[in-house]
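Visitor: Input: one structure, supplied below.
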Amino acid sequence: MESGVRKENNPPSSSFSLQKQPPATNPSPLRKIIMVASIAAGVQFGWALQLSLLTPYVQLLGIPHTWAAFIWLCGPISGMLVQPTVGYYSDRCTSRFGRRSPFIAAGAGFVAISVFLIGYAADIGHLSGDSLTKTAKPRAIAVFVVGFWILDVANNMLQGPCRAFLADLSGTDHKKTRTANAFYSFFMAVGNVLGFASGSYTHLYRIFPFSRTKACDVYCANLKSCFFISIALLLTLTILALSYVREKPWSPEGSSGDGANEEEKEVEGGEAKESTPAPFFGEIVAALKNLQRPMRILLLVTCLNWVAWFPFLLFDTDWMGREVYGGDSSRNADQLRMYDRGVRAGALGLLLNSVVLGFTSLGVEVLARGVGGVKRLWGIVNFILAICLAMTILITKVAQSNRRYTTVNGGTHLLPPPSGVKAGALALFAVMGIPQAITYSIPFALASIFSNTSGAGQGLSLGVLNLSIVIPQMVVSVAAGPWDALFGGGNLPAFVVGAVAAAASGILAFTMLPSPPPDIPSNKRAATSSSAAFH
């Protein structure tokens with residue numbers, strides 16, 4: 001496009017290729033970016049509690065297995081629908097409070113409501129007529145399901161605009177965009193550490209003695225207390241961030257600077273004609289249809305990356321309990337005891353993983369410079385992820401060959417694996433924090449940079465990127481069980497598929513993913529314009 005005239009052979013404009021954007025501004029101070037990124041700690045605190053505490057709570061309420069599968073499917077479904085929708089409307093929000101802030105504030109409020117419903121599900125169910133003597137508590141289950149769905153929708157409502165807000169604050173400074181997403185990843189790690197630590201402390205309910213009731217035992221009261229802290233942390237961080245970092249009201253009329261609304265006009269025969277906005281779903285379809293090459297490749301690399309991650313994220317503690325410790329959740333008491341010990345060891349591994357994730361997130365920019373750019377860094381860590389997933393096979397085989405038993409009172413009892421095996425498994429969890437830090441930051445930074453270059457809206461761009469995360473999650477959630485059963489059960493077949501996907505993602509990152517403008521060597525910049533680099 002030159003001199004405001006669109007050539008006839010260009011593809012039709014879409015919400016992704018010609019979004020209404022605010023005029024280019026200088027990036028905000030780093031302190032403001034850090035303040036907004038800190039909201040991730042409150043969001044991730046709640047996710048960590050879900051991972052560590054909600055599965056036993058589901059069993060406590062007597063939720064059938066089929067219902068449980070339906071409940072956990074909420075995350076990817078809400079991510080697939082909510083983030084693109086919220087991103088689309090946050091790009092166009094003309095509230096006097098700004099474009100992103102109203103959605104972030106509303107998301108935090110809904111998280112608080114949902115967490116309250118989940119924590120008090122047993123109490124509300126009992127007041128509504130559930131019997132304490134029966135295993136299944138249908139009214140409590142209904143309250144829990146409603147609360148859980150609201151929680152996942154609200155979390156997705158929070159995260160998309162929060163990432164887009166960081167991109168807005170970074171402006172066209174690509175280095176600051178990567179730094180902003182690295183801080184977001186760092187605060188995710190902080191939230192993980194706080195969440196896992198809170199979930200592992202079994203006497204937290206004593207801080208809130210009113211949390212223990214006739215319908216809510218010690219475990220339930222501890223969960224409720226953790227959620228009280230989660231609400232307080234998230235609301236505090238959100239209020240502080242939105243109070244300190246004020247957005248200016250946005251309007252379409254003033255978004256194009258001196259050349260008012262040039263991008264919304266098509267020049268045909270020398271006459272300017274206003275384009276008519278397409279309906280929301282039409283714009284989503286157009287956004288996917290007219291993706292430019294950098295975003296298409298980014299979506300493909302991200303999709304393969306998450307195909308690699310999800311088997312481990314879903315079954316990491318189960319792998320520790322089943323393959324490493326040799327336990328089984330469905331057999332005799334001895335194997336169940338060993339399985340529980342392995343799951344607790346896996347929880348320790350997740351804590352170590354979060355610590356490494358946090359420190360690595362702070363060094364993403366240094367690592368990128370050291371290896372020659374963010375695309376190379378992402379390619380390298382994908383190969384590290386592939387190696388780590390392949391190493392689960394070696395650790396499993398070593399654990400099986402060193403399985404130990406003892407005889408007590410005439411009975412044979414399984415012993416934990418040797419300390420070397422446990423140390424190797426925990427080291428694996430820790431090392432995987434390195435590629436995880438890159439996964440939580442670089443793809444989102446690249447999406448923001450590519451959308452800046454093409455003129456696309458940050459909210460919708462990040463929502464579209466989220467599709468390449470939740471669709472693999474749905475596929476892995478549905479297919480992992482039958483795939484593992486095809487090879488005799490266990491988690492290793494899914495991990496092998498993950499290793500292959502990670503290696504493929506690394507190869508594509510090295511060979512096909514374009515470098516963002518700051519990563520193009522200076523001697524080539526003069527010869528290669530930004531538009532040529534991204535088309």
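For all residues, glycine too, the Cβ spot is worked out from N, Cα and C.
Per TrEMBL, compositional bias 'Polar residues' is recorded for 10-23. Look at TrEMBL and you will find 1-25, 250-275 tagged as region 'Disordered'. Residues or ranges marked as transmembrane segment by TrEMBL: 33-55, 67-89, 101-120, 140-158, 179-201, 221-245, 297-315, 345-368, 380-399, 423-447, 459-480, 492-513.
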Visitor: Does the chain bring the transmembrane segment (492-513) near the transmembrane segment (380-399), so that three or more CB pairs sit under 8 Å (pairs 6 or more apart in sequence)?
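Guide: Result for the transmembrane segment (492-513) with the transmembrane segment (380-399) is yes.
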Visitor: Is the transmembrane segment (221-245) packed against any residues at least 6 beyond its ends, judged by a Cβ distance under 8 Å, and which are they?
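Guide: Sequence-distant neighbours of the transmembrane segment (221-245): 28, 32, 35-36, 38-39, 41-43, 45-46, 49, 53-54, 57, 101, 104-105, 108, 111-112, 115-116, 118-120, 165, 169, 194-195, 198-199, 201-205, 207-208, 211-213.
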Visitor: So, do the transmembrane segment (380-399) and the transmembrane segment (459-480) meet, by the test of 3 or more Cβ pairs under 8 Å (sequence gap 6 or more)?
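Guide: Checked: the transmembrane segment (380-399) vs the transmembrane segment (459-480), no contact.
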Visitor: Under a criterion of three or more Cβ pairs within a distance under 8 Å and sequence separation of at least 6, are the transmembrane segment (459-480) and the transmembrane segment (101-120) in contact?
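Guide: These two stretches do not touch.
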Visitor: I need to check the long-range neighbours of the transmembrane segment (423-447): which residues 6 or more away from its ends have a CB within less than 8 Å of a CB in the stretch?
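Guide: Beyond its ends, the transmembrane segment (423-447) has Cβ neighbours at 163, 174, 177-178, 180-182, 184-185, 188-189, 294-295, 298, 301-302, 305-306, 309, 312, 316, 320, 324, 345-346, 348-350, 352-358, 360-361, 364, 374, 377-378, 381-382, 384-385, 388, 391-392, 395, 398-399, 461-462, 464-465, 513, 516.
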Visitor: So if I exclude everything within five residues of the ends of the transmembrane segment (101-120), which remaining residues of that chain have a CB under 8 angstroms from its CBs? That is, six or more out.
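Guide: Answer is 39, 42-43, 46, 54, 57, 86, 89-90, 93, 95, 143-144, 146-148, 150-151, 153-155, 157-158, 160-162, 165, 211, 223-224, 227-228, 230-231, 234-235, 238, 241-242, 247.
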